[in-house]
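Participant: Structure in structure tokens, see below.
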Amino acid sequence: MKIQKKLTGCSRLMLLCLSLELLLEAGAGNIHYSVPEETDKGSFVGNIAKDLGLQPQELADGGVRIVSRGRMPLFALNPRSGSLITARRIDREELCAQSMPCLVSFNILVEDKMKLFPVEVEIIDINDNTPQFQLEELEFKMNEITTPGTRVSLPFGQDLDVGMNSLQSYQLSSNPHFSLDVQQGADGPQHPEMVLQSPLDREEEAVHHLILTASDGGEPVRSGTLRIYIQVVDANDNPPAFTQAQYHINVPENVPLGTQLLMVNATDPDEGANGEVTYSFHNVDHRVAQIFRLDSYTGEISNKEPLDFEEYKMYSMEVQAQDGAGLMAKVKVLIKVLDVNDNAPEVTITSVTTAVPENFPPGTIIALISVHDQDSGDNGYTTCFIPGNLPFKLEKLVDNYYRLVTERTLDRELISGYNITITAIDQGTPALSTETHISLLVTDINDNSPVFHQDSYSAYIPENNPRGASIFSVRAHDLDSNENAQITYSLIEDTIQGAPLSAYLSINSDTGVLYALRSFDYEQFRDMQLKVMARDSGDPPLSSNVSLSLFLLDQNDNAPEILYPALPTDGSTGVELAPLSAEPGYLVTKVVAVDRDSGQNAWLSYRLLKASEPGLFSVGLHTGEVRTARALLDRDALKQSLVVAVQDHGQPPLSATVTLTVAVADRISDILADLGSLEPSAKPNDSDLTLYLVVAAAAVSCVFLAFVIVLLAHRLRRWHKSRLLQASGGGLASMPGSHFVGVDGVRAFLQTYSHEVSLTADSRKSHLIFPQPNYADTLISQESCEKKGFLSAPQSLLEDKKEPFSQQAPPNTDWRFSQAQRPGTSGSQNGDDTGTWPNNQFDTEMLQAMILASASEAADGSSTLGGGAGTMGLSARYGPQFTLQHVPDYRQNVYIPGSNATLTNAAGKRDGKAPAGGNGNKKKSGKKEKK
């Protein structure tokens, strides 16, 4: 008991020293905790947050976690309390077997700071295991001649606990022949031996029953028992003897299964059954019994399972030899396992970033890596590296930890991802290595602007394109990815001819296709300059511009326009004069036309499409000049009708036609004399008016019917007055009727000859109007022109006039329009005019029938139009000065029935001349004096 107490005190002193040493080490840098084994899951181990200088909230926010190597996690972190707790029940015996102290080492990784803190937790043993023997019963024989003092080794008990909780003492049940002696072995465990105290007598007691008790030093004390049966046999005086006092062998760990490792040998000089020796393991660990096999007859030891240097570096076992009479001998066998390089390094990626932006600076941490090799010596010394052509490097930390960092700035546009191979190799022979791959994606940032495929674009578009048609497309590309490469197109706002660009063009924001919002006209504009912007969807967005030139191509969409002779609204033209004495090639007139197109679409050619007298006239192909093709003959008709076609050279060609009326005569007076023989009749117009009113009355309501009746009565009254005036013609001063001629196409005719005709000198209230039928195709024949007649008026009416009929007012020399008086509707005329402009087709037809030309002015050649005799001043129209402004003012020559006013020229008033309505009328001078 004294010895046991002494041992207990020593153990406590050793534990105290060991604890002080651990505390000193923890104070030097490591964090040290202790926890009893078999505590419940979640038991408190230590305040790790306090020891690390962290707040409990930082355990969750900072990514603090436990990094352990190759085993199930034994501990966990409580983020709320900041404490280290057990993750499961811990069995110290399973974890450390008989090792003391039992330390569990791991690292605390603070990912936010990328720091490692080593932590050691000592597992404190508790008395949770009872000492046990491998056998429940032990039976052996002892010769009765065995001398007192003979020692018999007994099986020793095993207690998985350590320290005071391990096996501390043995006790043998009381027996007069046997006693117990416990020997302290050199390798640590106690070896119980049974000592024969007095000689045996088989005849007195053949079998002895003993109980061996093994007890530990825990609180409470635990114990195990072994029943021993000793059979006393007859005398066998020679026990087996081994050839060696101890067997020792070195075996490489990679020996094949079933390899004979060594052979023990024991001899017995006895004969017969007393000399037959059998072998068996005695007092071996259960793991040893699982790995090795002992042949009971030959003593051969072989391995049943692979040897592992990393598990056991040396195996110690005891082999027992027993003869047939029960005598035994024991020998110790030591098998040392030699390490071979059979374990490749283990690479563990503790923390890794799978994606990194391309603009991160060098030194960015990508991964945290640990390397471990279970071999020893050079076989367990490892190095770690990556390929040298990568923009990364490995930096070694503590305890075989490495971190992978960027060595230079990454560029996703060059390489969008990396497959990094990390190789760990040991120094064994042959060297073993392990490769681990990390896939790293380089994420994009918006560092590239869109780039167009061309520096500038040009496109040619035919005019008259349909609205909404696709006319061009631009494309740009962006080296970035995802939304940073999603390009939208837009037009930079500009103006074209005062209108916004968006009114003409639009662009598809996704495809870059340009669409026309309207049909373009080459004659309006011929090109457009615009800029297209390509913008990506990055943050912030980047953009680039490109210039685009759109050129319109002319299409033949405009027919030639005939400038001269100008076409009045009713389609008729003026009358051109060709003298009878004209030689072949005589210039009669000239057709002037233009085309708003360009190029060959505007090249014009002229041809004579139709003529009333084929072969009489010709038209210049490119000049449009109408000339006589032969000399004029008496048999040629006085009126020649020509249809001239003007055609451009477009595809398809467009054309326009004009009808010319050529009068064959030497003088204008001849034509007027021939045409004046026709008697004007006012009744057709009255009948037309009546018919018009009847048709209109059928289409309108009853209200309009009353109005038509009143209007008809008014017209009949006027007609009655005119008949009364004609009946009083006895006192009317006569004038040849041939001096007043109705001419077909009067409005065009009077573009050249501007005259106005009046019957009396002072006809302010009533003028005699001679409506003339519209002869559209032929001039009045010569026979009709030879008829003589006089127009008469009542003498009383003539006496009221102050000017003679023979005196004619000079024509209005300002017969051209000013810029503000170009042909247009009545609403565009000068406000100074007192006349009324016809505003419907009916009034226009009446106006044409009532306009007369002055014969006397044409006969004496005093016209202010200019030109030589017989030409009627036509040459002035063919010169370069002829423009569209050379249009007569018809209002100087017009009398409106039912009105007491005539249309006048405001310019005449400014010149101090009398209005055309007064100066243009023929008045008799004699009557003027009488008045």
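Note: Cβ is positioned from N, Cα and C throughout, glycine not excepted.
In case it helps, Swiss-Prot gives these features for our protein:
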- 805-840: compositional bias 'Polar residues' (COMPBIAS)
- 921-931: compositional bias 'Basic residues' (COMPBIAS)
- 29-133: domain 'Cadherin 1' (DOMAIN)
- 134-242: domain 'Cadherin 2' (DOMAIN)
- 243-347: domain 'Cadherin 3' (DOMAIN)
- 348-452: domain 'Cadherin 4' (DOMAIN)
- 453-562: domain 'Cadherin 5' (DOMAIN)
- 570-682: domain 'Cadherin 6' (DOMAIN)
- 801-840: region 'Disordered' (REGION)
- 901-931: region 'Disordered' (REGION)
- 1-28: signal peptide (SIGNAL)
- 29-692: topological domain 'Extracellular' (TOPO_DOM)
- 714-931: topological domain 'Cytoplasmic' (TOPO_DOM)
Participant: Between the domain 'Cadherin 4' (348-452) and the domain 'Cadherin 1' (29-133), are there three or more CB pairs that fall under 8 A, provided the residues in each pair are separated by 6 or more in sequence?
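Facilitator: Answer yes: the domain 'Cadherin 1' (29-133) meets the domain 'Cadherin 4' (348-452) with 3 or more Cβ pairs below 8 Å.
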Participant: Does the structure show the domain 'Cadherin 5' (453-562) and the domain 'Cadherin 6' (570-682) touching, where I'm treating 3 or more Cβ pairs under 8 angstroms (sequence separation 6 or more) as a contact?
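Facilitator: Contact confirmed: at least 3 Cβ pairs fall under 8 Å.
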Participant: For the domain 'Cadherin 3' (243-347), give the DSSP counts of helix residues, strand residues and coil residues.
Facilitator: 10 helix, 47 strand, 48 coil
Participant: Let's see if you can do this one: DSSP helix, strand and coil counts over the domain 'Cadherin 6' (570-682), in that order.
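Facilitator: Taking the domain 'Cadherin 6' (570-682) as a whole: 12 helix, 46 strand, 55 coil.
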Participant: Of the residues in the domain 'Cadherin 2' (134-242), how many are helix, strand and coil by DSSP?
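Facilitator: Helix (H, G, I), strand (E, B), coil: 3 helix, 54 strand, 52 coil.
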